[in-house]
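*Asks:* Just dropping this structure here.
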Amino acid sequence: MPPARPPALLDAFAYQAGRLHAEGVPLSKIADAAGTPCWVYSHGALESRYRAFDAAFAGIPHLICYALKANSNQAVIKTFADLGAGADIVSEGELRRALAAGVPPERIVFAGVGKTAAEMAVALDAGILQFNVESDQELERLSQVASQMGRTAGVALRVNPDVDAGTHAKITTGTAENKFGIEIDQARAVAARTAALPGLKLSGIAMHIGSQLTSVEPYRQAFARLVDFARMLMNEDGHKLERLDLGGGLGVHYQHAPPVDLASYCAAAREALAGFPGTVVLEPGRWMVADAGILLARVQYVKRGSLKTFVILDAAMNDLIRPALYDAWHPVIPVVEPAAGHGLETVDVVGPICESSDVIATGRSMPPVAQGELVAIGVAGAYGAVMASTYNSRPLAPEVMVKGGAFSVVRSRPSYDEMIASDRLAPWQIHRT
Ligand SMILES: Cc1ncc(COP(=O)(O)O)c(C=O)c1O
Ligand SMILES: N[C@@H](CCCC[NH3+])C(=O)O
């Protein structure tokens with residue numbers, strides 16, 4: 001097993017003159033301006049991730065539909081949209097975020113098992129590229145909504161290839177046990193139904209087998225099944241498919257580098273797609289943003305007990321829920337570079353929330369940190385801010401984007417008044433004096 005990820009490997013976050021920076025900005029300066037906890041994103045890292053992904057698929061017609069669910073801040077979406085990205089969305093909220101950030105509707109694909117008729121209507125009205133349809137009932141509803149509006153909906157059938165992605169049980173999506181997609185054995189009949197129903201145009205086949213994949217083999221199997229199925233639909237049933245949507249899921253380097261990297265993922269896709277005449281749609285989320293973001297926090301207390309030492313931060317599970325939810329491992333890095341030859345201390349890094357699951361790191365061996373110091377929680381650009389809540393009435397942490405030597409608050413911290421502003425008393429609780 002290779003050693004846990006050293007801080008120096010975080011792409012855009014490195015020590016300069018003994019202080020951790022985001023690109024050219026000392027993180028302490030951002031903490032002073034925005035307060036802690038706060039999210040910090042590197043514009044340069046986002047751009048280089050997108051460019052690398054795009055370059056890997058050079059030579060084959062492709063459309064990168066960034067999966068907004070990983071990080072849907074307007075400044076992040078716009079960074080990708082400016083480079084030509086489309087969007088993979090799962091809700092009307094994400095549709096509105098994509099459009100507001102300037103993603104052209106003809107580059108938007110709409111996934112999700114529970115699309116409402118209202119969501120379909122808004123997306124049809126916007127003129128999105130395709131609906132990734134996940135059930136026969138959804139197909140019927142989409143046909144009705146589109147017909148009533150006098151529109152034609154582009155349809156890609158999301159098939160469930162029944163391949164185990166070998167990832168965490170809570171984030172696998174491509175086996176028959178999961179709610180996602182149409183079982184591949186049933187999908188041929190659903191394709192025929194799509195061709196027969198009004199208001200629909202079958203334009204592609206889609207898949208997405210899970211997230212944080214760390215091996216290429218499940219991709220190979222799933223891609224092969226998808227392409228075989230698409231060829232059968234084209235050659236035997238006469239459907240004209242314009243697009244194959246391979247979904248997302250490419251894993252990133254949290255604790256240990258995954259053996260699947262962009263090059264091998266892309267090679268597997270190219271091999272499977274050889275000779276396919278259409279466009280390949282890709283829906284990377286995590287891979288595009290994880291390394292480009294950190295959560296910046298300040299140590300409030302160091303509590304030394306008889307069994308454990310707790311480093312208590314001002315960031316908590318309501319900010320970053322991944323450790324509590326998936327036992328996820330994130331690097332925790334002191335902002336002041338530890339002196340050469342520093343020792344290590346085994347600590348639990350926790351937040352102030354009243355739950356024992358409010359952990360950022362358990363049993364972590366790290367350089368000692370003291371009260372008042374800043375720490376960066378790394379690889380937090382994906383599924384960080386988007387999964388945050390206000391549990392314990394903690395306002396959502398602000399988001400900051402850095403570009404070179406400049407930084408900007410791209411979502412502010414709500415005031416306490418704003419946080420409670422939409423609560424109302426019931427009429428019978430209002431007493432007139
Ligand atoms: C349909 C779909 N596409 C794309 C993604 C993005 O996945 P990831 O962030 O793992 O690339 C997801 C999330 O797992 C998804 O459900
Ligand atoms: N939210 C998850 C992954 C699920 C991806 C969305 N289908 C994570 O933090 O890793």
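Glycine too: its Cβ is placed from the backbone N, Cα and C atoms.
Sharing the feature lines straight out of TrEMBL:
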type	residues	note
DOMAIN	41-381	domain 'Orn/DAP/Arg decarboxylase 2 C-terminal'
DOMAIN	45-290	domain 'Orn/DAP/Arg decarboxylase 2 N-terminal'
MOD_RES	Lys69	N6-(pyridoxal phosphate)lysine
BINDING	Gly249, Glu283, Pro284, Gly285, Arg286, Tyr383	pyridoxal 5'-phosphate binding site
BINDING	Arg286, Arg322, Tyr326, Glu355, Tyr383	substrate binding site
ACT_SITE	Cys354	active site, proton donor
*Asks:* Could you list, ordered by sequence, which of these recorded positions: Tyr326, Cys354, Tyr383, have a Cβ under 6 Å from ligand 1?
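*Replies:* The ones that qualify number zero, so the answer is none.
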*Asks:* Please name which of the binding-site residues listed here, Gly249, Gly285, Tyr383, is nearest in space to Glu355 (substrate binding site), Cα against Cα.
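*Replies:* Considering only the listed binding-site residues, the nearest one is Tyr383.
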*Asks:* What Cα-Cα separation, expressed in whole Å, is found between Cys354 (active site, proton donor) and Arg322 (substrate binding site)?
*Replies:* 17
*Asks:* Show me the subset of Lys69, Arg322, Tyr326 whose Cα is within 10 Å of Gly285 (pyridoxal 5'-phosphate binding site); these are the recorded positions I mean.
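*Replies:* Among Lys69, Arg322, Tyr326, the ones whose Cα sits within 10 Å of that of Gly285 (pyridoxal 5'-phosphate binding site) are Lys69.
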*Asks:* In this predicted model, what is the average pLDDT of the domain 'Orn/DAP/Arg decarboxylase 2 N-terminal' (45-290)?
*Replies:* 94
*Asks:* Closest of the binding-site residues to Arg322 (substrate binding site), Cα to Cα, picking from Gly249, Glu283, Tyr383?
*Replies:* Tyr383
*Asks:* Consider only the binding-site residues Gly249, Glu283, Pro284, Glu355: which of them have a Cβ under 6 Å from an atom of ligand 2? Write none if no residue does.
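*Replies:* Correct list: empty, so none.
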*Asks:* Should Gly285 (pyridoxal 5'-phosphate binding site) be counted as helix, strand, or coil on the basis of DSSP?
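*Replies:* Assignment for Gly285 (pyridoxal 5'-phosphate binding site) reads coil.
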*Asks:* Sort out for me which one of Tyr326, Tyr383 has the most neighbouring CB atoms within 10 A, since those are the binding-site residues we care about.
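*Replies:* Result of the Cβ crowding comparison: Tyr383.
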*Asks:* Let me know how many other Cβ atoms fall within 10 Å of the Cβ of Pro284 (pyridoxal 5'-phosphate binding site).
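*Replies:* A count of 25.
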*Asks:* So around the pyridoxal 5'-phosphate site, Gly249, Glu283, Pro284, Gly285, Arg286, Tyr383 aside, which residues have their CB within 8 A of the centroid of those CB atoms?
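*Replies:* So the additional residues around the site are Ala67, Lys69, Ala70, Ser211, Gly248, Leu250, Trp287, Met288, Ala382.
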